[in-house]
Structures are given as C-alpha cells and as structure tokens.
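Copied over from TrEMBL:
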- A:K207: active site, proton donor (ACT_SITE)
- A:V9, A:G10, A:F11, A:G12, A:V13, A:V14, A:G15, A:S16: NADP(+) binding site (BINDING)
- A:K109: NADPH binding site (BINDING)
- A:E192: L-homoserine binding site (BINDING)
- A:353-428: domain 'ACT' (DOMAIN)
2 protein chains.
Amino acid sequence: MSKLIVGIVGFGVVGSSVLKALLANRNIISARAGKEIEVKHIIVRDEAKAHIKLRNLNATDVKVSTNVDDILQDCEIEVVIELMGGVESAYEIAIKALKAKKAFITANKAMLAYHRYDIAPLANGLPVGFEASVCGGIPIIRVLKDGLSANHILAIAGILNGTSNYILTQMQQYNQDFYTALTQAQNLGYAEADPTLDISGGDAGHKLLILASLAYGINAMPEEILIEGIEGIMPDDIEFANEFGYVIKLLGIAKKQENEVELRVHPCMIKKGAMLSKVDNVMNGISVIGDYVGESMYYGAGAGGDATASSVVSDIIAIARGESAAMLGFSQPLEGNEHLKLKNIDEIYSQYYIRLYVCDKPGVLGQVSQILGQHNISIGAFLQKETNDKNIAKMLLSTHHCYERDINAALLELERLDSISQKPYKMRIEY
Amino acid sequence: MSKLIVGIVGFGVVGSSVLKALLANRNIISARAGKEIEVKHIIVRDEAKAHIKLRNLNATDVKVSTNVDDILQDCEIEVVIELMGGVESAYEIAIKALKAKKAFITANKAMLAYHRYDIAPLANGLPVGFEASVCGGIPIIRVLKDGLSANHILAIAGILNGTSNYILTQMQQYNQDFYTALTQAQNLGYAEADPTLDISGGDAGHKLLILASLAYGINAMPEEILIEGIEGIMPDDIEFANEFGYVIKLLGIAKKQENEVELRVHPCMIKKGAMLSKVDNVMNGISVIGDYVGESMYYGAGAGGDATASSVVSDIIAIARGESAAMLGFSQPLEGNEHLKLKNIDEIYSQYYIRLYVCDKPGVLGQVSQILGQHNISIGAFLQKETNDKNIAKMLLSTHHCYERDINAALLELERLDSISQKPYKMRIEY
C-alpha cells in the first residue's frame, strides 16, 4: 500500500491525540484512506517532553525537532498539520507549507477567523483541511461544504463554545451564579485559567466567521461583528426564561437576506422545545436551515483532544483519497457576492428580553411602557417582583419584534430616568 | 465554465425537486461545483405528464423519453441519476450506467439494501452517490464516509423512518391509538396507501444496512437481521413508558463487538433525556458513537422531495468536484473484516419491557417472577393495573439486562400458563 507522509507542528493535547488515533486505528484508517498514514516528524517546543510522550505512545520512530523548516524542507512530507495555536505564527506556517506545495491542515479557529481568505488563494489546488477548527468532533465543515452544498443557507444558529455552554447549563439546572459556575468549569478543566475568549463570545465568533464563509462566501473579521458574552447574565434572567418557557444559550447566528449577511454572537433566549435547547453542558450543537433541506441539526463534542483528533484525521484521510474541493467550498466567487455586505448591527430585528431594576413607586411602569412605545417597542410578557431591597423592584419583560437601534435608544433613555436604579440589561429572544 | 451533463431516470416527486433545485439554485451550485450542471435528458413513464411538469419548471429544453438507453448511449451524459424506485430494475440501470462509464447516483435504499456490494466493485473508480438513500436531507452518508472516518464506530442508533416516527409521536403526545395515528398519517400524505414497509420496520432496515456497510464494511441482507415493526404497540406500553421516564421510538441499531456486528430494527424505550428522544413527528435523527469522537447526533428531514433533492444534488456537486472516495468508504477490505459475522439474534443483550394480561387471582405474580427467575431474568420496574374486564389485570414490567434467548424462552413459558390471557408482548429498552 502506498503511503501518505505527514508532519505535525505542535504536540499538545490535540497533537498527541492525533498521533494516538493514527496508531490505534491504523487498520481502519488505511482501509478508508487507501494509503497508510505515517507521521514522520513532529515540531515541538520541548524535545525532552516530546520524547517521553512518544515513548508512551510507542512511537519512538517519529522524528522530533524544534525547527519547523525540518518539516517544510522534507520532500517526503506531503501534509503539514498545524496544531500549535497562535494567529500570525500559525498563518506563517500555512503560507510556508502551501508555498512548499504541501497540503495544510489546521485546527486553529483564531487564525482562520483572520486569515482564511489569505490562505484560500494560496492553496491553488492544494487541499486545506480545517474540520477541527469548528466544534471539535462535529463534522460541520464538511456538512456545509459538501452535505448541504445544494442549498442556499438561510440561517445558522450554533452553540459553538462548550465552556460557556457548561456555565450556562450549571446556572440554569443548578441555580448557580455565573462566578460559581465559572470556577467549577475551571476546576473541571473545561475553562482556561484565563477564560476570556470563551466567556466573552470571542471564540464562538471565530467559529461563526468560518461557518459564514462556507455558507455565504463572506469575508468578515471578528472586530466587525456583534459579539457579546455571558458575563452579564443574572439569576433573574434565568427566572424569567424559566417562567416563560425559554432556555438561555450563547448562540452564534448567521443569516442572509438579499445581499446582506447578519453575523452575531450573544446570549439568547430560545424556546424550550427547540432541538438546540437540549444541547447541554460542554456539548456543541448547530442548527442549519437550508432552502431545500429545511432545518437540520448537528450535535457532538466541541472540544477535547480525541474529538478534535477525529476531525484532524478525517482531513488527512480526505487528502489521502484525493479530495479536491476548494478550501472554502466555492470554486469560484458566487455571482453577486462581490456586493455582499455585513448587516449593520442597528438593523437587527429581533425580540428582546429586558431587565430593569426600578424604584418601587407609582407610575414607573407607565414611564417605562411610554418610553418603549415612543421607540415602536411593544411589550410581550411581563414579570415584576420584589427584591431584597424593598425600595427596588425588578421588572422583567419581553418585547415583540423590533429593531436593535430602537431598543438601544429606548434603553439609553430608560437608563437616564431617576426611577431606574441600574443600567438596563437586554438579551435577544430567537428560535 | 465547463459543464457536467446529467440524465435522470424517474421524474416523480424527487426527480422534479432535483431539477427545480438545479434551476433555482443554479448560481450557488455552479460556484460550489466549479461546473455548470445541466440536466439534458429525463426518462419517464408518461411523456405528456413530464412535458407539463417541465413547462411549469420553465425547463422545456430538457429532453424527455421513455427508453433508458437514450441516456445510457448519450456520450455527453456523464452522470445517471436513478430516482424511479424498484429493486431489480433500478439495479440493472446501475449496472448499465457504470458499464457505460457514467457516474451513478441513486436515492434507492431498497435497491442498495440488496445490491450495494454488487455495485461497489462495478464502480471501479467511477463515483457512486447515494446520500439521498438514507434519511433524506441529513448528510449521514458523508458523515460516516468522510466526517467520522478516523473512528471505529462503536454504535449507531437511528430514527430512520419518518412515517413510523410520526405515528409514534401522535400516539404518545396525543394519546391516539395506532390505527387512528396511521390514518392521520395517511391523510396528511406522510404514509402510503400501503404503509407496510414504513410500519413494519422494513424501510428502516434497508437504511440501517446501508449505514452498517459504511461503518463496518459488513454485507448483510434484510432477511438476515431482526426487524420488528410498531404495529403491536398499545396505549398500555405508552403509559408504562411515561411512568418510568421513557419515550418509545422505532430504532435502527448497529453495534460491533470484536468480529460480530449486531443489526436490528425494533421499537425501543429510550430515556426521555436522550437527544434521540426529542426527534419527533416526521423528523429523523441518528446518534453515532465513535471511539474518538464520542457521541454525535444528526437531525433533519428524512423524506420529502426538496430535502431528498438536497442530497441528490450534493452528490452531483461532489462528482463535479472530482470526488474519488470508494463507494462504501473502504478503499480496500478492512483487515480481519473477512471474518465479520452477524450476531445471532438470540445473543442480543438488552433490557426488556414486558406486557402481560393476567387473570386477576392470587399467586400469579409469583408464577411470573418464578418463570422469569428460572431464565436468569430479574425484574426492574413493575406496574400492575386493573383493566375494564375485572377478571383481567395488566402487568407491565421491565427487566434488568438479559439475553434475547432467555426472554423468548420465558415468554413462551408464560404464554402457556392458564393465568395468562394474551400473548405476552416485549419491547427492548436501550439508551
């Protein structure tokens, strides 16, 4: 059987799992790939550590060094797999690998969020695999690129980050507050010491941008889209959600209407019956609506060495089989897509949930509803409760559909009222 | 832009949707495919009807005739798409298309259930697409063939038939009996006039066999596997399921242990929390457990012209892109797989639910539990209720894990008791 020889840059959790999978599942992988896959060389920071890992994996014949050029200059190596993280340094490896006429595989969503449209033209027929970059083990890249390729994608809504989903699940199912849930996630190894990227929505934003390119061929940068995190969610919000049949999830949402694409990441109330509402703990789930397929949903582990390795190795197998689709799924620009633009955040049209703490005195509700009304916002559900401070009541309400610009203007006006005791909080209601 | 020219055999619901999708989404499809897709010729039974349909689709330039040779002998046509149904006649078209060096696409699960291993060697490098044959719009073929290709598949459990799932949902959510729900499904067009294949589990069996080939490379025929339908399910069974936190679904199950593969289709009680338990009405859902990816789940429309067309067209696009993977995902036989055999039905190891109608007199429960005990079966949950007939009580119980041969032997013995007034009914409990 012929061989496909690969080199790996980075030998952390995912890198070791990739090598482990290739060795443990060698037979089935080569039967599916039609070639034997050999890891010839691994680039690491710490050679001594790497040698220990390799000994544990019974893979001492794999070469180890610290200089990526050792892989790039090795003519036998046909595929470079980047698993080291970082943005610019990883991008440089992509450039060098493709220039050296090697296929390129990466699990690096942050790098792709910035450089996917720099890499695509460099590929020039060489396969570039990035199944592992979004939702770990769920083959969502292939679903959008191949499985649903007949469709105009009307909408994507995804729980794209396991850490924040774990925290939200804990808050909702065990009445924990945000910081307790976060600490627990950190203790369990689900959250990094610095959890900012997970909690702020930044990581989900990177993934959403990759999915949006496959769906729409749109190039947008993380800084250009609406990204809100889960830090502001309070037990009151969960109480309201429960009362009115919602679950709170951090969603990445993409929608296209005519030549505008809407891309946003934010916490969201979604109906308890929706399939996405069942995606709990560290799991990920993505709902995709296509004009022919209707709604379909994909669920699985979003992170972890083995699940991510499953995707990296699937890319290797695809390359061994001679995969030839363009990196981002479009062999040529979609007609009319040169005019595609990002929808202005102000133009988002949604239902909203609003949390207000108000001075408990007559006439406040009237004031609130008057201001909302002046901004074309009408109230749907309403819940008012006392707080521990008997002068302050909490007012939790949902609106009918309205524009983001209107809700923001209304909240700004409300914030200025003497009777409002804290900055109002809003959350979108979708699905 | 270069063209890929296709011919379609069969112009019913799916055939028309395929043509409609190719026309309506022409721009995005050719951008993704890198080629323009042209339907040149359609083979039909009734030319006059076809011309009317083509006029409605604004596609009067498509040739129509009744003789499949018109497509097979047309050198311009590179892909033959079989959407006419039937087993042997469809298989013949596959043979002829591949012999004429044309790629072949089919949505025909019954034909593939019998002939997938006849077709695969004929393909000989020509692409054969069958994404539409299992679960309509869900790209589960590609998921198993490409997305999860790094994994040993430990288990598949799928709601593979929308009609039976609709009936079960109606029975459970609206307390309908089987025949009322079936009639309603027929009135809504979800069930055929002759619904046997859907209700008996036969259709799900065909699909399961296709999935099992992708997962394990095993060739088995519908007649060789356990297939039970949903006809025997009574409101009592639903009451028990409700009481003990289960939902009843018709599942296709595949599992591999060492060199044995277990393949079976039957109604099943599954835990209310499981993702599959949320797959209601005509929707399909498939849970796949891989050794690296863990559990992942795929949800979507299992039937309908447009959803099925989404899959057929995805196969066309893959061919246009130069897809080269082997039809069933294995480029060569998996080492050791020549020894793969089907697990004997008697060796199935499961929990069971049992429904007994017993004469309401002292000592019967003792008799029942004694007989079960003699066959190494211990009782889990138990529910006894009166019936309209005051001499008859219903005894609903679940067992701990035991072997199928033991449960069958025990039920046979129970059936012979004077105090048992009807043939005992059993259902497996899984997930």
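The backbone N, Cα and C atoms fix where each Cβ goes, glycine too.
Here the domain 'ACT' (A:353-428) has, by DSSP, the following mix of helix, strand and coil residues: 24 helix, 30 strand, 22 coil. Checked against A:K109 (NADPH binding site) by C-alpha proximity, the recorded positions A:V9, A:S16, A:E192, A:K207 yield A:K207 as the nearest. In this structure, of the binding-site residues A:V9, A:V13, A:V14, the smallest number of CB atoms within 10 A of the CB marks A:V13.
A gap of 21 Å separates the Cα atoms of A:V9 (NADP(+) binding site) and the residue listed as 'active site, proton donor'. Averaged over the domain 'ACT' (A:353-428), the predicted model reaches a pLDDT of 94.
Residues near A:G12 (NADP(+) binding site) in space but far in sequence (CB under 8 A, at least 6 apart, same chain), listed by position: A:L83, A:M84, A:G85. For A:F11 (NADP(+) binding site), the same-chain residues that are 6 or more apart in sequence and have a Cβ closer than 8 Å to its Cβ are A:L19, A:I42, A:I43, A:V44, A:A50, A:K53, A:L83. Note on A:K109 (NADPH binding site): other Cβ atoms within 10 Å of its Cβ, all shown chains, come to 24. The NADP(+) site is set by A:V9, A:G10, A:F11, A:G12, A:V13, A:V14, A:G15, A:S16; from the centre of their CB atoms, other residues of the chain with a CB within 8 Å are A:I8, A:S17, A:V18, A:L83, A:M84. For the residue listed as 'L-homoserine binding site', applying a Cβ distance below 8 Å and a minimum sequence separation of six or more within one chain yields A:T163, A:Q186, A:D198. Across the fold, the C-alpha of A:K207 (active site, proton donor) and the C-alpha of A:G10 (NADP(+) binding site) stand 21 Å from each other.
The residue listed as 'active site, proton donor' counts 25 other C-beta atoms within 10 Å of its own C-beta, drawing on all protein chains shown.
The local packing around A:S16 (NADP(+) binding site), expressed as other Cβ atoms within 10 Å of its Cβ over all shown chains, amounts to 23.
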